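Encoded as structure tokens, the structure appears first; notes follow it.
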Amino acid sequence: MTTKRKPYVRPMPSTWWKNLPFYRFYMLREGTAVPTVWFSIVLIYGLFALKHGAESWAGYVGFLQNPVVVVLNLITLVAALLHTKTWFELAPKAANIIVKSEKMGPEPIIKGLWVVTALVSVVILLVALFW
């Protein structure tokens, strides 16, 4: 025998994620993808400008000097750093490194990732400035 009652559907407002700080931060972290898309489009525009000659490249450099673009790129940088920080904090949870029959804490792994990031950034900066 079947019943004619309607099943209970729990109401779920579109702002459900605003109730807990964990979910708000999660949505912020996932939102870092939007500035990354912006930066990808800017880089692709730069590649096409480079392909089409000096005049097109000069227009691209002028575009990058626009104050609105500078602010958007700074927002993108902050978003990328936030995403990097959360990713580096996640990495030790995926790596089970045992030293002298004890599991290594997350701090050396996180610090190592930041050191590698800083070194690679400095090398890229030196190549860009002096090559």
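A Cβ is built for glycine as well, from the same backbone N, Cα and C atoms used for every other residue.
All annotation found in TrEMBL is predicted automatically rather than curated by experts.
Annotation source TrEMBL lists transmembrane segment at 26-48 (among others).
What TrEMBL lists as transmembrane segment is 68-88 (among others). If one looks beyond the transmembrane segment (68-88) by at least 6 residues along the same chain, the residues whose Cβ comes under 8 Å of a Cβ in the stretch are 28-29, 31-32, 34-36, 38-39, 42, 110, 113-114, 117.
Here the transmembrane segment (109-130) has Cβ contacts under 8 Å with residues 84, 88-89, 91-92, 95, 97 of the same chain, all six or more residues outside its ends. Residues or ranges marked as transmembrane segment in TrEMBL: 109-130 (among others).
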